[in-house]
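A.B. asks: Residues or ranges marked as topological domain 'Cytoplasmic' by Swiss-Prot on the basis of similarity to another entry: 1-45, 91-358. As annotated by Swiss-Prot, coiled coil applies to 9-41, 99-128. If you look up Swiss-Prot, you'll see 46-66, 70-90 marked as transmembrane segment, on the strength of sequence analysis. What Swiss-Prot records for 275-300 is zinc finger, and it gives similarity to another entry as the kind of evidence.
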């Protein structure tokens, strides 16, 4: 009969199970706090009442029932020495009882938390995204921190596009040399050129930039022109030097990923080139060339030196025909002699003297 009734019982849903577990956890936490309060209360009352009783009995005995003989005095004072020890043992016993209750309560609390964690893991695996998100936000204590983390702005990694618009950033503006500020009063008019046209001030390029760009900006700075007219020379070349290495795009296809896996290339196999002055991203270099690569920042034009000097291979000896002939001619050996040298060096015969006479 019980088996039949149990079949008709509806199984609790995940939300109901978590609600029951939360209720039990709340009750156990309240019981733990209540148990700690009771322990302090009972131990405090024990010490207070025992101390007050000890003082009252001591005064009462001393004033009314103190005998004159020393042996009787020692016998009557003996309970006053045993009483503090007895109170100390009672205090230890109370602390032991309350600590045991706290341990049992903590064990149940840990079991319930483990069960709750297991159910939440099953929810993340089995439930849909919408239901799982709602359950986690309701029952997971760490879910309150997730909106705060999502609300914090994350600086996206920017990739250079056509025309290199990314180089006109606030970093370059931060490092631009600023001239002396000119106080602008309301109603003041901009300076006029020779033809009566207003002159616009064009900011100079960043320090360390190409010299031709600085000269161009200086020449254009005080050139009289009308408002809205194009600046000569601007737009003819990109704002700064090109990136040292390209930045790999984020949205790569499956074919690109397969090729990167086969070749051994990709973002995980490259190192970012970060400027030491403005901390800007200047592309990604290969592992082999990262420590030996020197580059100029595309934003502040700072020259970043290489971390290491590239080792140079030993020079190979030169084997050519002329050097070989020179080496053979310089080696000592029997030199070929001519016929005249042979005749002059031959010794004179016995029948001839030094002057050729017989």
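Backbone N, Cα and C define each Cβ position, glycine as well.
For each feature listed, report its degree of burial, its nearest neighbours and the pertinent distances within the displayed model.
C.D. replies: Across the topological domain 'Cytoplasmic' (1-45), DSSP classifies residues as 39 helix, 0 strand, 6 coil.
Sequence-distant neighbours of the coiled coil (9-41) (same chain, 6+ residues past either end, Cβ-Cβ under 8 Å): 94-95, 98, 101-102, 105-106, 108-109, 112-113, 115-116, 119-120, 122-123, 127, 135, 138-139.
Residues 46-47, 50, 54, 57-58, 61 of the same chain sit 6 or more residues outside the transmembrane segment (70-90) yet have a Cβ under 8 Å from a Cβ within it.
Confidence across the coiled coil (99-128), taken as the mean pLDDT and rounded to a whole number, stands at 88.
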A.B. asks: Can you work out which residues elsewhere in the same chain, 6+ from the ends of the coiled coil (99-128), have a Cβ less than 8 Å from its Cβ atoms?
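C.D. replies: Non-local partners: 14, 17-18, 21-22, 24-25, 28-29, 31-32, 35-36, 135-136, 139-140.
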